[in-house]
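A short worksheet on the structure shown next.
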Amino acid sequence: MLDLKRIRTDFDTVAAKLATRGVDAATLNQMKTIDKERRDLLVKVEELKAERNTVSAEIAQAKRNKENADDKIAAMQKLSAEVKNLDATLAELDAKLTEFTTTLPNIPHESVPVGADEDENVEVRRWGTPRQFDFEAKAHWDLGEDLDILDWERGAKVTGARFLFYKGLGARLERAIYNFMLDEHGKEGYTEVITPYMVNHDSMFGTGQYPKFKEDTFELSDTNFVLIPTAEVPLTNYYRDEILDGKELPIYFTAMSPSFRSEAGSAGRDTRGLIRLHQFHKVEMVKFAKPEESYEELEKMTANAENILQKLNLPYRVVALCTGDMGFSAAKTYDLEVWIPAQNTYREISSCSNTEDFQARRAQIRYRDEADGKVKLLHTLNGSGLAVGRTVAAILENYQNEDGSVTIPEVLRPYMGGLEVIAPK
């Protein structure tokens with residue numbers, strides 16, 4: 001959530017930056033008008049309350065003097081009615097203002113490239129060289145079926161489209177991958193957490209999914225619970241409504257969890273394979289940092305995600321998202337895109353973002369600065385480290401052999417009992 005004071009005092013700059021994120025000037029001008037009306041009304045209400053207090057004191061004095069106070073009582077009743085009506089109007093204006101402030105996206109950092117959509121993202125660097133096959137490479141969904149380790153047909157039967165069963169060595173490979181990821185992040189100072197897989201509506205508001213992106217989630221009807229779309233939600237809300245000791249920052253968390261997404265608006269996209277599912281595992285990284293350290297922490301977090309891909313020897317590139325392609329809460333985002341041979345392209349496997357104080361303001365996560373003792377909003381960061389299903393897809397395709405088998409990356413073999421190859425039965 002944006003700082004209303006910043007919008008008010010630096011309106012033109014904020015408007016220009018939000019315009020690069022698709023927020024039209026009319027919306028902000030309407031918000032500005034409502035804010036001014038509210039502030040003017042607050043002044044009037046305070047004046048009326050002061051006048052009411054004066055009349056109340058005069059009534060008390062008249063009664064002590066045994067004087068007639070009917071006129072003053074009538075005047076006070078009129079003032080009270082006016083205050084009540086204005087308070088109701090204020091409540092309406094507050095609700096409108098809240099609707100604006102909670103649905104506006106974050107202000108992009110000055111280093112973010114300006115652009116309308118993903119076509120204007122900027123490649124930062126590449127690592128590794130895509131493999132050249134001397135045979136026709138298969139897509140991961142075909143490899144998974146041929147090796148009898150992924151079963152979409154029964155996933156669709158039991159649940160529906162975009163669900164599957166991992167079985168045998170497929171299930172073991174998935175488990176090996178996320179255990180490896182958690183171990184690597186642990187070496188970098190992240191505290192491993194097992195989170196709830198359901199959160200309440202306040203938590204969804206805190207990280208920015210609610211109210212704007214409610215349709216993308218799975219709510220449990222007649223409850224206050226929502227299936228988590230990412231472990232970012234419970235991990236970030238861990239400190240909601242708390243004041244942390246500045247000496248403890250930065251704090252690093254990591255968690256593996258299922259993620260549940262309705263994929264509203266994704267009809268017809270990635271209908272086969274592991275790229276876009278309603279339920280998938282993801283290892284998440286979350287950081288709580290001081291404002292002056294958060295961009296250094298973003299670079300470190302991105303490097304932590306890259307470390308996983310490098311140790312798996314999977315070619316990838318790092319892309320700086322432009323203003324028009326960033327997520328709602330992000331001030332700056334790097335996407336890591338892994339090479340998928342069957343599609344002859346790079347696909348997102350991680351997204352690392354600094355939300356600055358956007359989520360912290362919504363969730364009221366603050367810290368006490370040890371230097372001056374003041375309580376301040378901290379910065380929150382989040383990143384995938386990595387999406388596990390997409391990592392399975394990348395390994396199956398990049399490590400496939402001509403005989404239909406798949407070589408297991410060396411770093412994963414200790415997690416799979418020393419197994420080196422998944423071969424057709």
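Numbers run from 1 along the shown chain.
Placed from the backbone N, Cα and C atoms, the Cβ positions cover glycine too.
What Swiss-Prot records for the L-serine site is T230, A231, E232, S384, and among E174, E284, E292, E293 the residue it adds there is E284.
Cα spacing between E263 (ATP binding site) and E284 (L-serine binding site): 19 Å, rounded to the nearest whole number. Other Cβ atoms within 10 Å of the Cβ of E263 (ATP binding site), summed over all protein chains shown, number 14. Taking CA atoms as the reference points, I349 (ATP binding site) and S384 (L-serine binding site) are 8 Å apart. Across the residues annotated as binding L-serine (T230, A231, E232, E284, S384), the widest Cα-Cα separation comes to 9 Å. Counting only same-chain residues at least 6 apart in sequence, those with a Cβ under 8 Å from the Cβ of S384 (L-serine binding site) are K282, V283, E284, M285, A305, L336, I349, S350, S351, C352. Residues listed for ATP, R261, S262, E263, E348, I349, S350, S351, cover a largest CA to CA span of 19 Å.
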